[in-house]
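TrEMBL annotations:
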| type | residues | note |
| --- | --- | --- |
| DOMAIN | 86-294 | domain 'LUD' |
| DOMAIN | 324-391 | domain '4Fe-4S ferredoxin-type' |
| DOMAIN | 403-475 | domain 'Lactate utilization protein B C-terminal' |
| REGION | 471-492 | region 'Disordered' |
Ligand code: SF4
């Protein structure tokens, strides 16, 4: 007997953080007014780019590693169901419990019930894009459970009642004096004499978090990788807060997007070389924590793995678009993107900003719900060059632009253009009419309504004084082959 599961569906509305309140152009226009934001972004992205470029240059086989990473991910996508079932079998065999969540609502309900069952009213959290995507913190708070972010940047965002604006450095839009103000305002027990010296700020966060680590019995994490052959989960991080969350509590709940699975341990070798160099510009992650089910007397004694779909099966169904699922969330594409560097992450309206957000969010939600994002790019190609798993983001952007709903006027104009270009006489007449457009919409002013939308984001090119057809008709007659021309031999 077979079970019909239905068509893959996109992430539901009204929950999580994949959709913004405004279109990208409107949000970006506001962000561009903030010169402090642009200074912070330029400084941070330039620093990370430089560091990353230096350590990547040390590896003579970097391009081969990129090819290997890309190949492994393509293989995973081609047999994802089989690998997930194997992962489930191994996790269960090692003493864990696996839950399948079709969307954000299901995942939030599963985690909330699991935490409630422990009797704990607080959870500590390892930085996790998947839990931000589904709005887990809001769901926990609604159930009377306090989530505490333990990654320093996530903590800054949480205490500041803010939103993350970068995958790896969620508080990249804040400078140290802004962080000092947030700590003074919202961090319990903070020293009123706090300065904005980075080590002093880090020490304040450490003091606040240490007590929380030692007194909280439940942790929630994401996962960078899961190894199907053994049921092993992995988190890589730089601060050690993840290690505390993954080892100290009695109960560990991991929420992982289904695309994070890898077939074997051997595959992990490739990604542990690619990820740190492309993301933080480190040769190796300071903390790499791997765990397999539960081990009596060592670490959490209850382990739950929540496998999250939330639109991923719909992405997988698009044989072109699915390569967005290869992403390992290194954020290298953000750090090289000229659009991201000027607008910042909030303009994208989703927890996934920058070039990867522009191709992933519209696919998870359905293109209609994030229709402006595939256009948030100059198509310069820097993201493709930087991506450690060789995701061809520019091609994906073009693919999604084609799928985005286009205004009626634009569709009508394109259909009319196609008909005209198919008929030489009509085309000649249209060229003559275009000269009128030079008068109606001079360069720098754009076209008049209803065509003004087309030139709102583009320069209107200057039409030439003479068309090619006119020039061709007026050119001097060419003598028949074999007859000498009147021109000089020189210069031939
Ligand atoms: S698309 Fe590539 S460069 Fe961008 S975050 Fe994902 S893996 Fe990194």
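All residue numbers here begin at 1 and follow the chain in the order shown.
Here the Cβ of each residue, glycine as well, is placed from N, Cα and C on the backbone.
Because TrEMBL annotations are produced automatically, they should be read as predictions rather than curated entries.
For the domain '4Fe-4S ferredoxin-type' (324-391), the model gives a mean pLDDT of 97. Taken through DSSP, the domain '4Fe-4S ferredoxin-type' (324-391) splits into 41 helix, 0 strand, 27 coil. The domain 'Lactate utilization protein B C-terminal' (403-475): residue composition by secondary structure is 44 helix, 0 strand, 29 coil, according to DSSP.
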